[in-house]
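The annotation ATP binding site is assigned in TrEMBL to Lys47. As annotated by TrEMBL, domain 'Protein kinase' applies to 19-287.
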Amino acid sequence: MTATNLVKFPVHHRVNNKWTVLRMLGCGSFGVVYKVCDDEGYLYALKTEKYTPKNALKVEVKVLQTGEKQKLKYFLKLLDCGTCKSPEGDQVLYIVMDLAGSSVDALRRLRPDRRFTLPCALTLGIHFVDAIEELHNMGYQHRDIKAANFAIGAVERQQIYIIDFGLCRSFFDEFGSMRRPRKVAPFRGTVRYAPLACHILRETCRKDDLESWLYSQIEYTRASLPWRDLNNIIDVGLYKERCRHDIGLGELMGGCPREYINILRYLDSLTFYEKPDYEKCRRHLKAAAMVLGGYKPTYDWIDENLRAGNGNAELTVDTSAAPKVA
């Protein structure tokens, strides 16, 4: 996001006479997130974006409203949304939602070896698949799945939330039918975690969200991905293709349970219109836990008493993982 698009609210600024700005939490590809409080002192997150005809926050509002209506487990509660004026006089779209804790990626980076224990990684994998399934059942594809877009609860630190729906897209048209794939689709997402389809400018689908999840799953299991130092879309795409075969597959999956390979092969077998078998992915993860004596939910940041997010329990917007193309 360019500096000219940032919505700058000073400390103590009042948004629509409801929310008092306390400080900036971070800025992502589409907007700025602030920590705010209401008149009773309760804390929330306020996300802002300069108004345009196609605001990403409009999609985020739809997703969060649907999640709340359906009482879904993995979505933050939406408290307020609307428009206001910035101190510079620009029209601003904002949403207010529950304040989450640190992102899963921030928690990973706190660890000395930059990875979770295998029991914790498998626990996170099951949560991530559950959250993605909830989103897909709403009719939306995330298109930017990565550990930085999942956060723990500010109080209930075993709770996981899926966040940042700025790149979300409904895979149904206005008639309720599955959208037909475009011949050429612009790149969407984060280069490091994007599915192969993005790298060849092909329309993505539900299985591609799961492919992005699997790359994150590998990263927080073994600490890194083999293309971590590459930024070029074409180069990273070629590397991901290479990692489907022989030596490249070993390079990608080294140190990971063999069940990760089974998941990758399953996802690669799916067609554009095919609904993924989310339970199959969960079964593979639970099978990987059998060598540990069975599946037991494990959270390293609780079990090892790590302090989340530099000693606080606030949502931070992680922009360091890799370049993002919007």
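Using the three backbone atoms N, Cα and C, a Cβ is placed for every residue, glycine included.
Note that the structure is a prediction, hence the values are computed from the model and not measured.
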Number of Cβ atoms other than its own within 10 Å, given for the residue listed as 'ATP binding site': 27
Local confidence of the prediction over the domain 'Protein kinase' (19-287), expressed as mean pLDDT: 96
